[in-house]
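Peer 1: Structure in structure tokens, see below.
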Amino acid sequence: MYLAGTLYNTGFENQEWSRGQSDSAVMATLLMFHVTAVIGSLVTCFLIERYRKKQINYVMMSFVITGCVVVVAVPHNIIAIAFARSLMGLAHGMAFLVVLIHGGEIVIKELRGLIMGSVNFCVISGVLVGGLLISVRTDALDQHRFLGILGLGYMLIAFFMNFAVCYESPVFLVQRKLDIDAARCMMKLRNESTETWQIRNELTEIRTMLSEDETTTRSIWRDGNLRPLVLLALAKVASVLSFNYAVNMVKLNVITHLLDSSETEAVNLSITILMSIRIVVGMVTMFAIDALGQRALQLVSIVSTAVVLVAIGIAYLAADSIPHDYGAAVFFACEVGASLGVTSVPDVLCSEAFNTKKKALSIATVQILEHVLYVIIFAVTFKWDFTVPDQYGVTLVTAGIPLLPIAYMLYRKLPETSKMSIRQARIEFYKRDGIVFGGSKNSVEALYD
């Protein structure tokens, strides 16, 4: 929900906490989320190797609860908002890393795309809720105070879920020679009362994977790890280019001009329309990704988004004006294309692409790149006047053109790993020849050979 502050202009210049403050102070307050998210990712690289996920989750919750209490108590103070956004960013950076590593290690391979794709679905849902709540002006309850109260409600649910149903990763337990605990956790995760042959096979493959990883170093630049790192970095760059403050503000202003209502209502309705498209199409994609393949959906999503952004951008540059209803229709189509996988598939791939010893720092590196790009785009375009159509063409073409070479690179090098175990998927990412691009999957032995 707090991510919405740097993806849309939610009217922060008219909010109580920003009145009388310089533009640089307001911008720094909003960007604190991303700065501390980077710190959270790096801190979690250290914690996740030493502590169980349930303990780390409680640390995250304490940060969120503290931040929520601060904004509930002092919603009009810029220092309080900056402090709260810092804690939220810290928790976000930690949570993203834990979820991708933990989720990738415990889900069944046939549903990894569905379950790990739901991470992005949660983010999009949060941006919708956060964007609406922060932009709503009401005398009854301050926007940030309401956001804090809602956050405390979420943390209450999270506390009981973490206490009752957070089972440790069998990979983490086998690494520490806790085979009995690993088998017990695997039985709970697979909802079995006994250790079935399938569970034994999964545990055997985990042991094999860990024994293979023991021969490698922890450097993310060696042992073939650079290949998946570059591929996932490119996927994240595509994700940010398709969904950032500048591009979103162009879409928001075009749709806002089309709506016949007050400015506040038009902004709220525009955010609702855009994010609802992402939620609906994203949900369909989430359930189709394991059947259709994550590689195909991601490439279709990147190419369609790039073509639409470049085409409408050139149209804005070439024409004096474009009717807002035509522009809105094109942007709705762009949202559909962007919802097919350009933002969700990278999370799925991060959960399965890396060597166990390098996974935490590799995913953190990809996440840090994402936050750095968000910071750069927001800082550069923060004071741009997006109500002027002249800005539209430059923004859209600049965002769309780099997507085309990225799509080509991923088309040539990105393997199809849906329904593979994490060991199979990781081997596929590290291979240079004979990469699986679709269709039937090779056996584990053939992949490793």
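Each position is counted from 1, following the chain as shown.
In case you wondered, yes, glycine gets a Cβ from its N, Cα and C as well.
Sharing the feature lines straight out of TrEMBL:
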- 1-417: domain 'Major facilitator superfamily (MFS) profile' (DOMAIN)
- 25-48: transmembrane segment (TRANSMEM)
- 55-74: transmembrane segment (TRANSMEM)
- 80-101: transmembrane segment (TRANSMEM)
- 113-134: transmembrane segment (TRANSMEM)
- 146-167: transmembrane segment (TRANSMEM)
- 228-247: transmembrane segment (TRANSMEM)
- 267-289: transmembrane segment (TRANSMEM)
- 296-317: transmembrane segment (TRANSMEM)
- 329-349: transmembrane segment (TRANSMEM)
- 361-380: transmembrane segment (TRANSMEM)
- 392-411: transmembrane segment (TRANSMEM)
Peer 1: Under 8 angstroms for C-beta pairs, at least 3 of them, ignoring pairs fewer than 6 apart in sequence. Is the transmembrane segment (267-289) in contact with the transmembrane segment (146-167) by that rule?
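Peer 2: These two stretches do not touch.
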Peer 1: Going along the chain, which residues at least six beyond the ends of the transmembrane segment (55-74) come within the CB cut-off of under 8 Å?
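Peer 2: The answer is 44, 47-48, 80-81, 83-88, 90-91, 94-95, 98, 144-145, 147-149, 151-152, 154-155, 158-159, 162, 166.
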Peer 1: Decide whether the stretches the transmembrane segment (228-247) and the transmembrane segment (329-349) have at least 3 CB pairs under 8 angstroms, with pairs required to be 6 or more apart in sequence.
Peer 2: yes
Peer 1: What same-chain residues lie close to the transmembrane segment (296-317): Cβ under 8 Å, and 6 or more beyond its ends?
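Peer 2: For the transmembrane segment (296-317), the sequence-distant neighbours (Cβ-Cβ under 8 Å, at least 6 residues beyond its ends) are 235, 238, 242, 247, 285, 288-289, 327, 330-331, 333-334, 337-342, 345-346, 389, 392-401, 403-404, 406-407, 410-411, 414, 416, 438.
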Peer 1: Other than its close neighbours in sequence, what residues sit by the transmembrane segment (25-48), given a CB gap under 8 Å and a spacing of at least six beyond its ends?
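Peer 2: Cβ under 8 Å, 6 or more out: 2-3, 5-6, 12-13, 17-18, 56, 59, 78, 81-82, 85-98, 101, 360-361, 363-364, 367-368, 371-372, 374-375, 378-379, 382.
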